[in-house]
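Let me begin by presenting the structure, written as structure tokens, before commenting on it.
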Amino acid sequence: MAPQLLLCLILTFLWSLPEAESNVFLKSKEANRFLQRTKRSNSLFEEFRPGNIERECIEEKCSKEEAREIFKDNEKTEAFWNVYVDGDQCSSNPCHYGGTCKDGIGSYTCTCLPNYEGKNCEHLLFKSCRFFNGNCWHFCKPVQNDTQCSCAESYRLGDDGHSCVAEGDFSCGRNIKARNKREASLPDFVQSQNATLLKKSDNPSPDIRIINGMDCKLGECPWQAVLLDKEGDVFCGGTILSPIYVLTAAHCITQSKHISVVVGEIDISRKETRHLLSVDKAYVHTKFVLATYDYDIAIIQLKTPIQFSENVVPACLPTADFANQVLMKQDFGIISGFGHTRSGGQTSNTLKVVTIPYVDRHTCMLSSDFRITPNMFCAGYDTLPRDACQGDSGGPHITAYRDTHFITGIISWGEGCAKKGKYGVYTKVSNFIPWIKAVMRKHQPSTESSTGRL
């Protein structure tokens, strides 16, 4: 009787199951109306799928072993894991003087360049002008096992022995307006600009112009001078060195018997506002060769001094060592002028400025059909359709270092206009520092400093 009772109970239970299921469980379509859940990457046979860093370690927390399975490389795994655990300790760039940072868990490690040590590469083993200019803001001079810093004219050495402090409102090489107004846009400006030079015949052409440059805003190129002929037309450029001296190219002096100088202008067409400065004398380097443009340098002495302001400031004159070892090893220089904006066109009414890279001497010499003498250097791009041609000869090639702008070259000559594989050729100012100083010292009026307010 007991076995029969047990069998009846089992049959009764099985008979009731479909009804229970219909009461407890909902159909899939109906259930989805109530249970809204975002699908994850997890699914059937997930462990058999290839590793995915987003699925394993971002959507979910992963282990180091899971990360290793994804990267399949110990070095990559360590680099990822150190950042994954507690963030990137190198994001603040803690390593000084070019040191390389490697992230760790709760720490970082700096690999220092030669001659530097310390957790952040902050200590010099021994001072040398060859390493980061001896930490000098301007000029560095080796003294036994140490270095001695000094500054350009119109600056004094700071109390720290490294920095240079401007002594006047219009100290050389200061470009306050450009730094304040366009600091954020400078990287695009640097990356997007280019200059190469023009050849009109089989000889190097002294006629230079800037093509596709940006407008130089008022006060952004304060050292720019422009040379006008008897008719008041632009034919060359120049660089303000002092209240009465303007640096230019020697071949510019041979182009016109009558020369006037204008400074502080960004729109040369506004004749009612421009003030013409008369030339007293012009000093052309005695070794200048018109056929080759070697020694293409000259200094103009004005009859009346320039009145400095926020928009009119001289460029700083570097030492030869500083120019060769520091300035000309920077990535870019800056040229400016009122030259033509297209081949065969008219000179520009507005001042244009272009940032161009230095070109190594070997590449420079290979690119030219003419001799590149030791008194010349190349700058510019070899392919981009941006150029420097007629009208800007004699103008400035400026290089900035620690917010001070130094004259490094004079726009001289070139081959082709936006011609592939050709660069602009510039007079190398560092070769002529003693000559420039000698001319200025020999002919300097006693009233220059007070009138020019250096």
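Using the three backbone atoms N, Cα and C, a Cβ is placed for every residue, glycine included.
Record source Swiss-Prot places Cys110 in a disulfide bond whose other cysteine, from Cys95, Cys129, is Cys95. Disulfide pairing as given by Swiss-Prot: among Cys62, Cys90, Cys57 connects to Cys62. Partner cysteine of Cys101, as given in Swiss-Prot, is Cys90 (from among Cys90, Cys112, disulfide bond).
Using a 10 Å radius centred on the Cβ of Cys216 (disulfide bond) and all shown protein chains, the other Cβ atoms total 22. Applying DSSP to the domain 'EGF-like 2' (129-164) sorts its residues as follows: 4 helix, 14 strand, 18 coil.
Glu75 (4-carboxyglutamate) carries a helical DSSP state (H, G or I). Residues within less than 8 Å, Cβ to Cβ, of Cys121 (disulfide bond) and separated from it by at least 6 positions along the same chain comprise Cys95, His96, Tyr97, Gly98, Gly99, Cys110, Cys112, Leu113. With the fewest other C-beta atoms within 10 Å around its C-beta, Cys57 stands out among the disulfide-bonded residues Cys57, Cys95, Cys140, Cys378.
When Cβ-Cβ distances below 8 Å are used as the criterion, the domain 'EGF-like 1' (86-122) is approached by residues 79, 128, 131-132 of the same chain, each at least six residues removed from its ends. Ranking the recorded positions Ser92, Ser393 by how many Cβ atoms sit within 10 Å of each one's Cβ puts Ser393 at the top.
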